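Visitor: Here it is: the structure, laid out below.
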Amino acid sequence: MKLAYWMYAGPAHIGTLRVASSFKNVHAIMHAPLGDDYFNVMRSMLERERDFTPVTASIVDRHVLARGSQEKVVENITQKDQQQKPDLIVLTPTCTSSILQEDLQNFVNRASLESNSDVILADVNHYRVNELQAADRTLEQIIRFSVEKARKNNVLNTEKTIKPSANILGIFTLGFHNQHDCRELKRLLNDLGISINEIVPEGGSIKNLKNLTKAWFNLVPYREVGLMAANYLQNEYSMPYVGITPMGIVDTANCIREISTIIKNQNPDIEFNTEKYIDQQTRFVSQAAWFSRSIDCQNLTGKKAVVFGDATHAASMTRILAREMGINVSCAGTYCKHDADWFREQVQGFCDQVLITDDHTQVADMISRIEPSAIFGTQMERHIGKRLDIPCGVISAPVHIQNFPLGYRPFLGYEGTNQIADLVYNSFTLGMEDHLLEIFGGHDTKEAITKSLSTESGCSWSPDGLAELKKIPGFVRGKVKRNTEKFARERNITEITVEIMYAAKEVIGA
Amino acid sequence: MTNNLSTDNLTFECETGNYHTFCPISCVAWLYQKIEDSFFLVIGTKTCGYFLQNALGVMIFAEPRYAMAELEEGDISAQLNDYKELKRLCLEIKQDRNPSVIVWIGTCTTEIIKMDLEGMAPRLETEIGIPIVVARANGLDYAFTQGEDTVLAAMVHRCPTETLTENTKKHPSLVLFGSLPNTVANQLNMELKRHNIEVSGWLPSHRYLDLPHLGENVYVCGINPFLSRTATTLMRRKKCKLICAPFPIGPDGTRAWIEKISSVFGIIPQGLEEREQAIWESLEDYLQLVRGKSVFFMGDNLLEISLARFLISCGMIVYEIGIPYMDKRFQAAELALLETTCKKMNVPLPRIVEKPDNYHQIQRIRELQPDLAITGMAHANPLEARGINTKWSVEFTFAQIHGFTNARDILELITRPLRRNQALGTLGWSQLIKTDN
Ligand code: SF4
């Protein structure tokens with residue numbers, strides 16, 4: 001057992017539901033108690049979805065506990081089959097079904113005999129995988145199932161399209177800015193003369209999965225979801241994939257180069273002016289390259305930042321801040337513990353330290369210790385920032401409704417670089433403005449010490465010491481306070497006076 | 001609208017129970033705020049935690065006095081000792097927060113693996129010196145607000161026994177049960193006081209240490225329709241006398257509630273009718289908006305009967321009252337008032353659908369095209385996109401809706417979609433889906 005107040009990644013079934021309900025005409029039936037269909041609320045509220053979420057529950061209640069859920073599950077599946085005629089029904093286990101240990105696969109087999117829809121059981125275990133891992137698996141499972149079925153029926157389309165084409169894998173519901181990213185990726189591929197074959201799962205149709213293999217390659221924009229499917233297609237159908245997230249100027253260029261290599265491998269005759277395109281976009285379409293040369297960005301040089309989020313966004317953001325803006329990333333971290341090695345490798349050389357944890361109190365402690373000028377993280381870090389008076393730009397799920405903007409806000413591609421530049425700049429300037437106001441007495445007098453997540457120091461401040469401390473500008477005050485206290489503690493000084501402060505400054509530069 | 005009443009008696013139907021509602025553990029959200037010295041420990045899985053985290057929204061960031069004891073694989077396979085694990089966590093809570101009571105919320109998982117919470121609590125309680133109350137508020141057995149019912153029922157056992165002493169009071173002790181924000185509880189206290197009725201205590205009180213005294217000579221009365229287990233426990237375990245009244249929701253309900261309590265104490269209320277009348281008059285601007293409009297309750301929080309009864313009093317027509325669970329005994333007075341209200345307003349009796357099926361309800365909504373559907377958030381946006389006005393039902397559980405004073409708030413909620421859509425009405429884009437599916 002562990003005491004938990006907050007989690008970054010949800011339970012496994014959420015991942016499965018996100019993938020299943022992103023497809024067109026796929027219905028998910030959860031094997032769950034009453035009340036576990038909260039996913040529908042989230043989708044309807046956060047995505048402001050106009051359609052009914054295609055998720056229902058086969059409810060586990062007392063009767064089911066006594067008699068087993070076979071009849072009920074089978075009945076619910078066949079009923080849904082008749083009511084809505086989906087192409088595929090995905091039976092989704094939950095934590096409850098994990099411990100009931102019923103043979104759900106057997107129910108699925110029985111139900112599929114009686115239904116016109118295909119029926120599968122999502123292969124996810126609540127106690128082994130989280131939301132993101134489950135989403136990755138479910139996507140692979142659905143693709144594998146459909147592709148294999150098509151192959152058996154001899155309708156699999158393995159002949160490549162005449163012009164270069166791509167599948168985009170891993171765009172799905174409740175994903176962080178996924179819809180906008182998808183539009184941006186389409187534009188990017190279109191600019192390169194590559195047509196889009198299929199986008200999966202968002203808006204994709206199960207019936208069209210037989211065409212997946214027509215594409216020249218797969219593009220997997222996010223590390224978390226889509227890689228398993230891409231690997232499957234690579235192993236079984238020799239489809240190459242590009243796994244570089246096109247986030248930031250440098251990585252967008254890397255992604256494009258990789259795409260062009262893959263295409264040239266398949267057809268060396270194709271005229272592909274990659275470098276010219278990259279150069280044009282970098283210097284003139286994206287404003288980010290110019291921004292990093294402008295004097296605004298100069299002011300950000302060496303400023304401290306902390307980055308935390310899912311593996312994709314945290315890694316990309318770390319590299320953008322360090323490599324493209326000259327910002328000092330003091331700590332980069334992710335809650336994707338299952339992908340820790342990849343993350344470390346990605347951010348190596350771009351940050352001072354790495355934090356892998358899914359415990360938000362550890363993140364809070366790290367932030368209050370480092371006292372960065374800005375944080376780039378999830379909704380949780382935004383709240384930590386609020387408590388510590390540090391501005392935060394939100395770069396990764398989990399997020400609230402305000403991170404499902406109506407306006408166009410991609411994080412990927414060249415337009416994405418503009419969005420990110422704005423986000424970074426606004427986070428830092430807001431912070432700077434705040435401090436300037438404080439220096440010039442614009443704010444109401446706040447208590448001297450507002451940053452108090454760290455433990456009590458054990459020394460007291462004399463009135464004159466405290467008065468002096470108040471004169472120090474807010475953005476360094478916490479640090480001065482801490483360093484002075486440390487200095488005093490080491491020398492067994494219990495009361496900090498102005499003299500002690502100056503002494504500390506001389507010795508340790510507090 | 002019509003003189004031919006469909007039936008003379010209410011009819012009850014029961015569907016499949018495939019409907020959307022909140023898990024009962026959500027009661028933690030309002031109970032930890034109500035009982036200021038409590039700490040709620042939900043013993044469950046990531047599923048439970050995820051639900052709470054998202055349903056509670058920003059409250060999560062305000063260091064709430066609740067936490068998950070998240071069960072891991074080792075707990076399920078019984079490799080770990082439940083007692084030791086719970087003890088470790090409860091000691092941690094004691095050290096960090098020092099509450100006056102820890103409430104353990106049992107979940108589906110603790111039910112299925114048959115974790116003996118009731119057995120462990122008394123032992124641990126003496127060991128760590130903090131009362132531990134166990135409530136099994138899980139999704140296997142209950143819906144949404146029934147969670148509060150299980151917690152209050154468990155708290156009944158902790159209420160001190162009334163000492164039979166001073167009989168200086170004008171009437172026997174009266175204890176009200178149901179969790180309300182303190183201001184609303186005070187309003188109801190004062191409403192009764194106008195008729196010389198003293199409320200001697202509330203369950204829950206705003207501090208655990210102030211739980212009311214209960215006993216044979218204590219009369220109890222509920223203020224919410226979902227408290228049937230608590231009522232039963234009060235009667236069976238503490239021998240209290242239950243006053244079965246309609247619930248003080250809407251001016252009609254509040255009046256009937258006061259009248260019933262008064263009659264039990266042999267008091268004839270003075271000026272009550274005028275007071276009700278005055279409230280109705282003050283509501284006239286809202287009533288003009290709702291008169292003759294139709295409502296469909298999909299059902300998810302058990303307030304439905306009382307709200308429907310009030311809306312019928314307001315001149316609305318109710319097509320269907322979906323409700324998760326219907327305790328006809330506990331709600332007897334409310335059901336009777338619903339019937340007389342329908343007759344008085346000369347509208348057909350609505351159909352009451354227990355354990356509704358949302359899929360079928362949506363078909364019925366399509367046919368009936370009600371002016372307003374009261375529904376959960378899962379269906380609200382999709383219905384709006386199809387041109388049906390909706391009001392999100394959960395708001396009724398968080399808004400202040402009890403007593404004379406708050407009748408206006410109910411209508412504020414009810415009319416909000418009507419007013420909003422009136423404002424947008426001339427724009428001509430109420431259907432916002434591409435094809436009719
Ligand atoms: S329904 Fe059961 S498993 Fe789901 S959140 Fe509620 S208690 Fe937890």
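Think of each number as a place in line: the chain as shown, counted from 1.
Note: Cβ is positioned from N, Cα and C throughout, glycine not excepted.
I grabbed these lines from TrEMBL:
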DOMAIN    A:12-428  domain 'Nitrogenase/oxidoreductase component 1'
BINDING   A:Asp36  [4Fe-4S] cluster binding site
ACT_SITE  A:Asp296  active site, proton donor
BINDING   A:Gly431, A:Met432  substrate binding site
Visitor: Counting other Cβ atoms within 10 Å of each residue's Cβ, which of the recorded positions A:Asp36, A:Asp296 comes out lowest?
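Guide: Output over recorded positions A:Asp36, A:Asp296: least Cβ neighbours within 10 Å is A:Asp296.
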Visitor: Note the mean pLDDT of the domain 'Nitrogenase/oxidoreductase component 1' (A:12-428), expressed as a whole number.
Guide: 93
Visitor: Any idea what DSSP makes of the residue listed as 'active site, proton donor', helix, strand or coil?
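Guide: The residue listed as 'active site, proton donor' sits in a helix per DSSP.
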Visitor: Quick one: pull the CA-CA distance for A:Asp296 (active site, proton donor) versus A:Asp36 ([4Fe-4S] cluster binding site), whole Å only.
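Guide: For A:Asp296 (active site, proton donor) versus A:Asp36 ([4Fe-4S] cluster binding site), the Cα atoms are 49 Å apart.
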Visitor: Could you tell me which three-state DSSP class the residue listed as '[4Fe-4S] cluster binding site' falls into?
Guide: coil
